[in-house]
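Colleague: Under the heading compositional bias 'Basic and acidic residues', TrEMBL lists 307-317. If you look up TrEMBL, you'll see 294-317 marked as region 'Disordered'. Sequence annotations record features per position, and here TrEMBL assigns transmembrane segment to 37-59, 65-86, 93-116, 136-157, 169-192, 246-276.
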Amino acid sequence: MSREDGGGPLGSALNRFPRTRADVEVAFDRLVAENRFTIAVVFPIVGAVSLVASAAGWLPEPLAFNPWFLLMGVVVMRSPLVAGVLPLVDRRAAAWIGVLVAYTYAIEAVGVATGWPYGAFTYGIDLGPMLGGVPLALPVFFIPLVVNAYLLCLLLLDTRAETAIARLLAVIAAVIAMDVVLDPGAVALGFWRYDAGGAFYDVPLSNYRGWVLSATVAVVALDRAFDRRRLLDRLESCPFMLDDMVSFVILWGGISLWFGALLPAAVAVVFGVGLVRADRFDARVFDPRHRGTWGRAADPQEPASDDVTHDLETDRS
């Protein structure tokens, strides 16, 4: 029985299965759009609570800092960004992303072995499979931070983003600011520890000098990888594209508050304000009356996310 004959339940199921990359992208968009609240709000809240509970010893051993649960949560929270960027990934973008993945592994391996450029540190918990002392999933942790910062800066800078130096400096600063939020929380949780401690919530200033280097390399690579006009067009047509940044604010802002890291928490709030100013955060998500329709068609009789599907098809035309 061929896929085209549509005979029986199996044929019907096969006909609904995505056949092309375009079909996959449309289906991925629909899946994310229909689950925005769960992805952007529920996952980071549950993640923050479970991580704090793990650090406090409130969870039993199989659950505390379970690396597979951690990786699953990260992948789910990254999914809006991946769905948003995926239609724009051509050969050039894939090549530059490959370069960035290689750099991410290389600079972390050097850091683990020598202490340069971030300062001597050791991992404190299992972050999944390791490759040369480096978590195999490290690019999934790092690269989306840079992409989120890049996209947010494009929106906030508006026409000023046309100037390369202004664009690059703004994104580099945003990436470093994201680590101002992330690193103190990660150290407090025990993800890693700096051998000599540090003046900024047990994080040494050398860490941020290292992030200047890594942020610069990553931002330049992304700037070469993607066409800015296509990114802006996709941001316009894809309302959930920066939902991963919303998750970041909730997750790491909440963890910072729990551990009393007030400055990192304040920086997280600044990112939240930036999302609001860029029209990338819909406060209705916290209203139960809107949870079923956030990111979906206004008419409950209409197929969910048809607007997203139409915009995705427009992006390719």
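Cβ coordinates come from backbone N, Cα and C, glycine included.
Could you place the listed features in the three-dimensional structure?
Modeller: Residues of the same chain lying 6 or more positions beyond the ends of the transmembrane segment (246-276) and with a Cβ under 8 Å from any Cβ of it are 39-41, 43-45, 47-48, 51-52, 77, 145, 148, 152, 156, 177-178, 180-182, 184-185, 188-189, 201.
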Colleague: Determine which recorded stretch among 37-59, 65-86, 136-157, 169-192 has the most C-beta pairs below 8 angstroms with the transmembrane segment (93-116).
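Modeller: Comparing 37-59, 65-86, 136-157, 169-192 against the transmembrane segment (93-116), the winner is 136-157.
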Colleague: With a Cβ cut-off under 8 Å, give me the same-chain residues at least six positions beyond the ends of the transmembrane segment (136-157) that come close to it.
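Modeller: Non-local partners: 71, 74-75, 78, 81, 85, 97, 100-101, 104-105, 108, 127-130, 166-167, 170-171, 174-175, 178-179, 182, 214-215, 218-219, 222-223, 228, 231-232, 235, 241-242, 244-245, 248, 271, 274-275, 277-280.
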